[in-house]
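In what follows, a structure is listed as structure tokens, so that the remarks can point back to it.
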Amino acid sequence: MKEILITNDDGFEATGLLALKEALSELDGVNVTIVAPSSEKSACAHSLTLTRPLRFIKLDDNFFKLDDATPSDCVYLALHALYNKKPDLVISGINHGANLGEDITYSGTCGAAMEGVLQGIRSIAFSQFYENNSLNELGFELAKEVVKFITPKVLNDEISLNPREFLNVNIPATTSKNFKGYAVVPAGRRTYATHATLNRNPRGIEYYWLGNAALEYEKGEPSDISKVNEGFATITPIKLNMTSYESLESLKGKFDAK
């Protein structure tokens, strides 16, 4: 029996999480444990909670929410408190929205996969791309097919992942009928506009809402961004070693002792 730990950043009631659970329940020989945040934690990246205690709340057999926790908290604490032996796989998702290009650095979905990798466990992040608030209409049927296609390949070692790497998978905003297939591509490059909306509360105190600016991307070589827009499910291996080897040697010449 293969053990899979799943979490997300949209919270324990998210339809994407339940779709992931349903998809994995259709696979033979797997046992799934869910530990998810008690509320939405989008864009919390790889943050851990170090300034207050965390509490498991059991919802069902093998289904827990972690009170006011981040996705990385869920992975970290599940491994230390619920497992005597490490699970075979950590899966994060299915995220409500894509995690493309530099989204990966903000994403709590990807942050949970990073935590799994840091703990020595193979990990996958799944995200469902959608447009114009169409997620309810689109649903997760194609995403579930993608999960059922990719997950066994990782579990059965058909896909070899290097240590400290995880797979970032984005599902296109289309149906199974119009699905183009799979594209293994690098992460693209987003162009982020700085945007914040200023408001005032009834006492006249100012506050801001961040975000809501349109996201663009740099066109050129095929990437996760371009291919998911063409109807492909994109698969991008992400490594945690962030050293810029291109600059390493030139910097050594300027700073190393003579």
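From the backbone N, Cα and C atoms, a Cβ is placed for every residue, glycine too.
If you look up Swiss-Prot, you'll see Asp9, Asp10, Ser42, Asn95 marked as divalent metal cation binding site, on the strength of sequence analysis. Asn95 (divalent metal cation binding site) carries a strand DSSP state (E or B).
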Exercise for the section: Sort out the sequence-distant neighbours of Asp9 (divalent metal cation binding site) for me: same chain, 6+ apart, CB within less than 8 Å of its CB, listed by position. Expected result: Pro37, Glu40, Lys41, Ser42, Ala43, Cys44, Thr70, Pro71, Ser92, Asn95, Ser107, Gly108, Thr109, Gly111, Ala112
Problem - Same chain, 6+ residues apart, C-beta under 8 Å of the C-beta of Asp10 (divalent metal cation binding site), given in sequence order - result: Gly16, Leu17, Glu40, Lys41, Ser42, Asn95, His96
Completion exercise
Within 10 Å, the Cβ with the most other Cβ atoms among the binding-site residues Ser42, Asn95 is that of Asn95
